[in-house]
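Per TrEMBL, the features are as follows:
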{"type": "DOMAIN", "residues": "16-249", "note": "domain 'Cdc23'"}
{"type": "REPEAT", "residues": "310-343", "note": "repeat 'TPR'"}
{"type": "REPEAT", "residues": "344-377", "note": "repeat 'TPR'"}
{"type": "REPEAT", "residues": "378-411", "note": "repeat 'TPR'"}
{"type": "REGION", "residues": "539-578", "note": "region 'Disordered'"}
{"type": "COMPBIAS", "residues": "555-571", "note": "compositional bias 'Polar residues'"}
């Protein structure tokens, strides 16, 4: 599935609104309230696009006359979350809505009991698994190829039982029958493990496919493709959708563009101040920018709206984490998980807090739970690598950092961490490859070249070390780095050794700018002065007299008169070396 461009989207907004209105009714009739909510928000975003409303359909039209009272009673119980009662009163009904409501009530009852049991006891409820198996037996005995809603429920049950390939097939069938059923698209996106897997899906040519593609890109952390897709949807008429703006903010967050993401969330907060969805991401951005007062206000606002929402607990947990009150932060993340044990962000954030509390074993348990929820989230794999690194188990670090790097190949942090793990195990060639790739992918923290140079220095490869240090020093973004003084001192000493006094003097003077290398810089300048006095009768050494390079570096050989500070530079390395 290729990234979506503006010209790729051809959407008839009249048909979109008619489809949405129809599906809102269908989902409300079946208790699929989250999908109905999503569709209603999308419909509100299109409010300026006027249409001729269709005649209101009677919800009882497709229900047998002798089953209408039972359906009405059952739906009322379902809305009150009395799922067993809801299932009981439509048990013998044959109408499609009643059959779905009966089976969906059974599923929701088992899920509620399983979650309650996990919260209170901490163990799985075998009765819940048996309900899933009974539902699966029903679906196998009664083929529902013409009911997209029952096919969706069958796909959810198959996913719960970890029958992923069968779930993908059934969910595709559900979408083919009922393409406006957004919850089926979401479940299908969660089963697409890789970018290539999206191309294998058999999807109908429907306007919902564009929303699915963009959502799948966000799930797979493909931020650039996601932003292109949502920009195209906004240009097609959905620019007022709060959902699209929130998803774009999340994509910017995943792309490490904190300022753009924060600006979008602030706009959302102004336009819809009671929308708690994604406030955990919003609070994390405020945490990263250390906006304590703004985060405190957000936490107060969230608690005033609904203090028993998982997003509220995560916002408050991030606030306490920013205040370094990690024990309190853990309590709120645990509270979020008691409300929803499958809330991925809470597991990961709680793992981070246990790392801060130096409780590696507890952090490992949190990250493993996060992987059980979503195996495609690189943060959990990276967290496991950090936890095992603290424990000194570098072999485990290599495995987990490798998995994180595979899921997020454009993030240099995992590659640097992987290189450090290889270095600790004296696997120098592997470590060099990691540092090279981290540099070539765009070094986020500005550490890859410094670590590469240090490793060359440690391996007695001075020319390669000098080339890496030079490339690091020439990057203005690295000037605040704490590694800069040592790099300047090494380069001054390196050029002094070969009597390249202009180069040595250049770096020695820079050493004077840092307290830790000021004395070394003075000593090098003194030595340079002595050498210049002695060099009047001797032939100067040129760059061509340097020893041959240790590794694959390119050395620019310009005369000292044209550019006295021309120094070795790194070649562009292939990103596929690792």
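Placed from the backbone N, Cα and C atoms, the Cβ positions cover glycine too.
Helix, strand and coil counts under DSSP for the repeat 'TPR' (378-411) come to 27 helix, 0 strand, 7 coil. Residues of the repeat 'TPR' (310-343) grouped by DSSP class, helix first, strand second and coil last, total 27 helix, 0 strand, 7 coil. Break the repeat 'TPR' (344-377) down by DSSP state and the numbers are 27 helix, 0 strand, 7 coil.
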